[in-house]
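One structure is given here, and the rest of the page talks about it.
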Amino acid sequence: MVSRVIPVEQFDLIIFGGTGDLAKRKILPGLYRRFLSGQIPEGSRIIGAARSEHGVEEFRDIVRSAIAEHVAPDKHDDDAISGFLNSLEYVTIDALGTGGWKELAALMRPSVVRAFYFSVGPSLFGAIAERLKKYKVTDDESRIVVEKPFGHDLPTAKALNETLSRHFTEQQIYRIDHYLGKETVQNLMAVRFANMLFEPLWNARNIDHIQITVAETVGVGGRGEYYDKSGAIRDMVQNHLMQLLCLIAMEPPYAFDPDALRDEKLKVIRALEPVEPDDIVRGQYLGDDEGPSYLEDCGNPSSLTESYVALKVRVSNWRWKGAPFYLRTGKRMRARSSEIAIVFKDPPHSIFGDQAGQNPNVLVIRLQPNEGMNLTVTIKEPGPGGIRLIEVPLDMTFKEALGAEADDIPDAYERLIMDVIRGNQTLFMRGDEVEAAWAWTDPIIAQVEDRANRPKPYEPGSSGPEESLILMHRDGRRWREVKV
Ligand code: NAD
């Protein structure tokens, strides 16, 4: 049984920005799915809090439409939907003003878990944190959940940490990186630390290199202007790709415990070497029949912001010296595909000779689509005659391995919100971890900004600029194909 549902304690979840895009696409549909599964106990409430003037019925209508649009039709259950909508409340509140705060405080109940989800722009985090305290909306057990981006660089991330820590302890702050809520990402830890097979090989003596790819087919679209202030390094590498790298590279924590795990991740970030100028390739997608170019999308013909980046990253410690991590992420690429590939070394000597053909073992952890794992193993091609070697996959697609139960695997946001209610911070980033990640990323960004090199153009539907292939070729390696 994979999806055993363990109900959480009764809670009140207050969503600041409850009428915004993230709330409508992810948070509220996810909460509905948890309600449907029976994980949310009766009496729990979800309170939308946003600037827009709405009555509770209007908010329920908004959420009803969000469920219709963002929850799979086979999960539309009229009774569950009306039960869920009945658990909703709404408060019109101004994060920067005084309106709505007393009303929100009056809604709070003692001895019920209180969580406050900041699904608003980061410029409002400080104002909300301050007012939550000032109007006595929170208690010592209350939790706050903050969305990305957590800072724009090290100074802004530090300032944000300082602001939040003025009102809340570190144990109350849940910095979300939804990549950590993905089933396969957690499975990566299970594969490493619950099996004897891989961990003894998990080092530079046996692993040649690691590739982490997060490819998207969509462009920046309507978010162009906002994205142009950020770029792929800030938007993806500093947080999501960094988290994946940490989980692969870290030492086994002494327990699956929030601080034990985060201590190990932090050590990895601190062991990252600065990235050399030759080890980074940035790109911008061109336009085609299906969409405008990046420069058109962002409305700035002279933009130097990257929509694609590939990096060679070295982890400077005993385990990884000599086995680099190659990271790449981009928009408008050939396929929507996120994967981690652990490429093992060739055997030291081939008894079958060069003609037999020998390829390294590769362990691929697929984050999307088709979450699962795949290990390529070399075997003999069947049939008479001499030995010719072929690669075959040992494939575990969760959908196939787990059948219908895979459909009930909670999405990343659902799992993470339930963890907030349980008070489990294991899959959330700690303040020092975020700062360390910016401390490594800032010089990379400063370096590319100083050189003011125009990012290399790449064809939409490709796997990025040519130069990123060279990044691998000069080391005698090749990127895996970007495919579904
Ligand atoms: P949005 O603009 O769609 O929604 C913003 C919400 O905040 C609205 O409900 C609005 O009413 C409310 N709001 C704005 N100003 C307010 C004020 N002064 N007082 C009270 N409420 C106010 O934004 P979004 O896309 O939902 O993003 C919210 C946060 O989540 C941002 O920090 C964003 O970076 C982050 N995020 C969004 C996504 C996504 O897919 N949309 C993904 C990851 C992170």
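A Cβ is built for glycine as well, from the same backbone N, Cα and C atoms used for every other residue.
Whatever TrEMBL says is automated annotation, not expert-curated.
Annotated in TrEMBL:
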type	residues	note
DOMAIN	14-187	domain 'Glucose-6-phosphate dehydrogenase NAD-binding'
BINDING	H178, K182, E216, D235, K331	substrate binding site
DOMAIN	189-480	domain 'Glucose-6-phosphate dehydrogenase C-terminal'
ACT_SITE	H240	active site, proton acceptor
REGION	451-470	region 'Disordered'
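The Cβ neighbour count for H240 (active site, proton acceptor), using a 10 Å radius over every protein chain in view, is 22. Counting residue by residue with DSSP, the region 'Disordered' (451-470) contains 6 helix, 4 strand, 10 coil. H240 (active site, proton acceptor) is 8 Å away from H178 (substrate binding site) when you measure Cα to Cα. Across the domain 'Glucose-6-phosphate dehydrogenase C-terminal' (189-480), mean pLDDT in this model comes to 93.
If you take the C-beta of D235 (substrate binding site) and look for same-chain residues 6 or more apart in sequence within under 8 angstroms, you find P149, Y227.
Looking only at the binding-site residues H178, K331, the densest Cβ neighbourhood within 10 Å occurs at K331. Secondary structure from DSSP puts E216 (substrate binding site) in coil. A Cα-Cα distance of 11 Å separates K182 (substrate binding site) from H240 (active site, proton acceptor). Across the fold, the C-alpha of H240 (active site, proton acceptor) and the C-alpha of K331 (substrate binding site) stand 15 Å from each other.
Contacts of E216 (substrate binding site) defined by a Cβ separation under 8 A and a same-chain sequence distance of 6+ are given as T329, G330, K331, R332, M333, R336, in order along the sequence. K182 (substrate binding site) carries neither a helix nor a strand DSSP state and counts as coil.
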